[in-house]
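Here is the structure we will look at.
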Amino acid sequence: MTTIAVLGAGKIGEALLSGLLHGGWSTADLMFTERYPQRCEELTARHGVRAVSVPDAAATADVLVVAVKPQDIEPLLGELSPVLKPGALVVSLCAGLPTKLFERELPEGTPVVRVMPNTPMLVGEAMSAISAGAHARPEHLELVEGLLGSVGKVLRVPESQQDAVTALSGSGPAYFFFLVEAMIDAGILLGLPRAVAAQLIIQSAVGAATMLADSGEHPVTLREAVTSPAGTTIMAVRELERHGVRAALLAAIEAARDRSEELGRAHD
Ligand SMILES: NC(=O)c1ccc[n+]([C@@H]2O[C@H](COP(=O)([O-])OP(=O)(O)OC[C@H]3O[C@@H](n4cnc5c(N)ncnc54)[C@H](OP(=O)(O)O)[C@@H]3O)[C@@H](O)[C@H]2O)c1
């Protein structure tokens, strides 16, 4: 049986632990590390998973999932490197950190898989993109796909595409939240109570997302189906085009990609 240690059980680390438990993993095969005893006690009380020290995790776990903030990575790898079990797989959830950073700091030959998850992991609906480091083999990628499959969907991409992935799905939930927020404001503008506007838009977002995911139809086809001649929707679409919403999204996502590249260069 594979044992998994989550190093840094904050928002994403805890979501992964919770998803693995829901996916049928046993508490006996999971462990985590955290800095503060109070947080350890809280997490153990909530999930029944044991807290361990970094050396204990390194000595016993087959897979070490690194889920600390990128700025905390160097001290953690310094602590991990001398005690890492030979053959252990290191899985990084850290945004923007290249696999070569881990390979440089950890013992020669350590297999590393880089993951870009997103926050819907909290509700078991993550989109995660995974990339193999220099020493990761197909069985390592399969293992990571199995783990992350418990908390959403998983796609393999070359590591060179991870900055684009960060801009699209890593930051993606924020763009949808921004759109929903603006649409609720539009409801307020039209005189609806905020709670009514929020319910209308949130359920429309859930319904539209389900149609996109389940129908297999192109978004254009789905939009055309609700855009009748001289109807209400085409009037709104004309305004969206007039205000350059499509161009704004292209520019916004390109800017996020550029920022991800810049953050990655800081660790070169
Ligand atoms: N949240 C997102 O949307 C998202 C999306 C994609 C990827 N990620 C990546 O996921 C990682 C975690 O993000 P997050 O939002 O979950 O951050 P977070 O809530 O701050 O979680 C990180 C946790 O790790 C703990 N920690 C730091 N250094 C440690 C060490 N040496 N040993 C043990 N525990 C340690 C932190 O403790 P303290 O509180 O004491 O510092 C904190 O509880 C980041 O690298 C981020 O780039 C996040």
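Glycine residues also receive a Cβ, built from the backbone N, Cα and C atoms like all the rest.
The NADP(+) binding site feature in TrEMBL is assigned to Ala67, Val68, Lys69, Pro70. The 10 Å shell around the Cβ of Val68 (NADP(+) binding site) contains 22 further Cβ atoms across the protein chains shown. Secondary structure at Val68 (NADP(+) binding site), taken from DSSP and collapsed to helix, strand or coil, is coil.
Taken from TrEMBL, the feature domain 'Pyrroline-5-carboxylate reductase catalytic N-terminal' applies to 3-96.
Here TrEMBL flags 159-263 as domain 'Pyrroline-5-carboxylate reductase dimerisation'. When pLDDT is averaged over the domain 'Pyrroline-5-carboxylate reductase dimerisation' (159-263), the result is 97.
Apart from Ala67, Val68, Lys69, Pro70, the residues listed for NADP(+), the same chain places the Cβ atoms of Gly8, Gly10, Val66, Gln71, Asp72, Ile73, Leu93, Cys94 within 8 Å of the centroid of those Cβ atoms.
Ranked by Cβ neighbours within 10 A across all protein chains shown, the binding-site residues Ala67, Lys69, Pro70 are led by Ala67.
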